[in-house]
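What follows is a set of notes on a single structure, which appears directly below.
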Amino acid sequence: MTVTGAPVWAVVPAAGVLLALALAAAVLDSVLDTAGIGADGTAQAVRGRRWSRPLAEAARLMRQRGRTTVEPDRLLWRIGTAGPLVAALLMAAVVPVGGTVVADLPVGVVWFNTVDVTLWAALWLAGWGPNSVYPLVGGYRFVAQALGYELPLMFALTAPAVAAESLRVGEVVRAQQGLWFVVWMPVAFVVFLGSVAAFGAWGPFSSPVGRDAAGGVLAEAAGVDRLLLLAGRYALLAAGSGMAVALFLGGGAGPWLPGWLWSLLKTLAVLAVLVVLHRRLPVLRPERIVRIGWLVALPAVLLQVLVVSAVMVAKG
Amino acid sequence: MQTALFCVLAVVAVASGAAVFVVDSMARATYALALSFVAVGVSLLLLDLAYLGVVTVLMMVMEMAIMAVFMVMFMMNPAGFMPMSMLHGKRAALAVSGGVFLALAALALLVPWPDRRGAAPADPTRAAGEAIMGSKMLVMIGVSAVLFTTIVAALVLAVARGRYGDDESAEHGHREGRGPHNGHGGGHGSHADHGGPGAHAGHGDHGGRIDHARHGTHAASRPEGSGT
Amino acid sequence: MTLELFLLLASALFAVGTYGALSQQSVVMVMMGLELMVNGVIVAAAAFWYFLAPAAPDGQVLVLVVIAAMTVDMAMGFAVVTLLFRAKDADMTDMAAELKR
């Protein structure tokens, strides 16, 4: 399947699709959440049916007043608050849906990596801005765990790029005709999914927004700020799932259905896996994530890259 | 069009670079430098250097995120709540840097630069990759040796633990991530903390960004301070 | 876009960095100045590649080496600052004056 760039107006539907996927993830998470307790530890009154709770919560947050603290750094706080959602949109720009992609960059894979690195800055700034201790703790936790997941993520991105002999995401999709990369790069795929959860501060990696720190980065965010951070988190998961589909699961390849539908279905499936695992796994402390990242994930994924490179050399 | 875009980027790069040494808040200073690097990275994109431009942004945003942590840790006044001058030889420095700029700008404008030789390759990223894995391989091998040495040397210098486990530095409370005391904020329950590397809420000694926040950490960590 | 414009940007960045590296007392701020100077070098190297010899990859490799040099600068700088701070609570260049002897 060939992937071509889309005209500029494609930005609008792409953003819409990303937000819809984020909402789908939030709805699924809410349906699975039987306890009625949000990720940040605040008990939310269960009003209405569970599947409609995310939209109700969004509407409530839009009406809620923002919060101010003593001497906040407003500029940096705003940047940090908008950061996750903007980063998710920038990531989605290089993710092909079927045969189309918003921006068919020649270095799409590196672009994805760069955008996820900007999250280091964004979440730390979101923690620094309010001048309050729990968000600051959350921001530092994110930077600490980023040190653990970033290097394995880089090599997990390297493996498909090596196999496709290109940094263009469209080329990576094209190279998977016949055999999806997930089949012979399972380690890279698992590490990539884990990293997606990590940069979304999700599941085992959710200590930056952890309950033990009163919500961490989210602790002082209220109203639209909170909505932006929460939506950004789900959007990051959605964009990461889309990238996982493009890099490892053959993009829009599949029988009978059109390519864009296959892309969306696969993305939804990966997203559902992430959401379901969210409550099944314990939260890890950042120092432990660094240990796992450097002592387990990094050697494993380096071996994976070695295998891929050997196969490519053997193929000639 | 491209020239206009370049001028905007150049102004952003230089202005945010200058802002680094003007603003009081260390977080703002660090991220002003990051903005300067992002502007430079984007201007590399104008030169068809897609890979190098994006990689510059990647490396520098990462570096600045780490830099911010160290700035907050080591600076006296990380949040800029107590503006103070931390300069020496300001006038001489201004004169020298002004002279440097004039000299370099004169060179840039007066030297008769040769004409362009050859055309840019269709895919500069591929050209760079082939050079690294081919004719310029020795350079990259040298760089990799230097980087590895750096990792080892930096760890040897910075890690407090000696070669044989915790040495005297342990009693100064600089122990990192080991033992029963590694709760966040240190388990000592006193806010006259050492503020060494590892303190979470700013710089303990010099009055970090947030006084109430710092007290908050310790007050909050006291009930969970394991083992004390 | 001309070579001269890019070189002017490079010189401006380098000069601002020089000012910072010379005038700041804190070691960490001196490192920020150094980074800014290297930033100028990146611009100059890329511009020389594009406007003078785009057929040869040397300019691109130079940029990569400069970025690597920057990371070395930062890692060693922070290691030394941490060591100084741990040894004698010094985080200012003037306080570390005995390094001269």
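Each Cβ is built from the backbone N, Cα and C atoms, and glycine gets one as well.
Residues or ranges marked as transmembrane segment in TrEMBL: A:6-28 (among others).
Outside the transmembrane segment (A:75-97) by six or more residues, the chain places 3, 11, 14-15, 17-18, 22, 103-105, 108, 111-112, 115-116, 118-119, 121-130, 139, 169-170, 173, 221, 225, 228-229, 231-233, 235-236, 238-240, 242-243, 245-246, 251-252, 259-260, 263-264 with a CB less than 8 A from a CB of the stretch. Annotation source TrEMBL lists transmembrane segment at A:75-97 (among others).
Sequence annotations record features per position, and here TrEMBL assigns transmembrane segment to A:117-137 (among others).
According to TrEMBL, the feature transmembrane segment maps to A:149-167 (among others). Distant neighbours of the transmembrane segment (A:149-167): 106-110, 112-113, 116-117, 120, 174-176, 181, 185, 188-189, 191-192, 194-195, 198-199, 205, 247-248, 289, 293-294, 297-298, 301-302, 304-305, 308-309, 311-312; these residues of the same chain sit at least 6 beyond its ends, with a Cβ under 8 Å from one of its Cβ atoms.
Per TrEMBL, the feature transmembrane segment maps to A:179-202 (among others). Residues 116, 119, 123, 142, 145-146, 148-150, 152-153, 155-157, 159-160, 163, 172, 208-209, 217, 233-234, 236-237, 240-241, 243-244, 247-250, 253, 270, 273-274, 277-278, 289, 297, 300-301, 303-305, 307-308, 311 of the same chain lie 6 or more positions beyond the ends of the transmembrane segment (A:179-202) yet place their CB under 8 Å from a CB of it.
For A:234-253 (among others), the entry in TrEMBL reads transmembrane segment.
Among the features that TrEMBL reports, transmembrane segment is placed at A:259-277 (among others).
What TrEMBL lists as transmembrane segment is A:289-314 (among others).
Of the two recorded stretches, the transmembrane segment (A:234-253) does not lie close to the transmembrane segment (A:289-314), with fewer than three CB pairs under 8 Å once pairs fewer than 6 apart in sequence are set aside.
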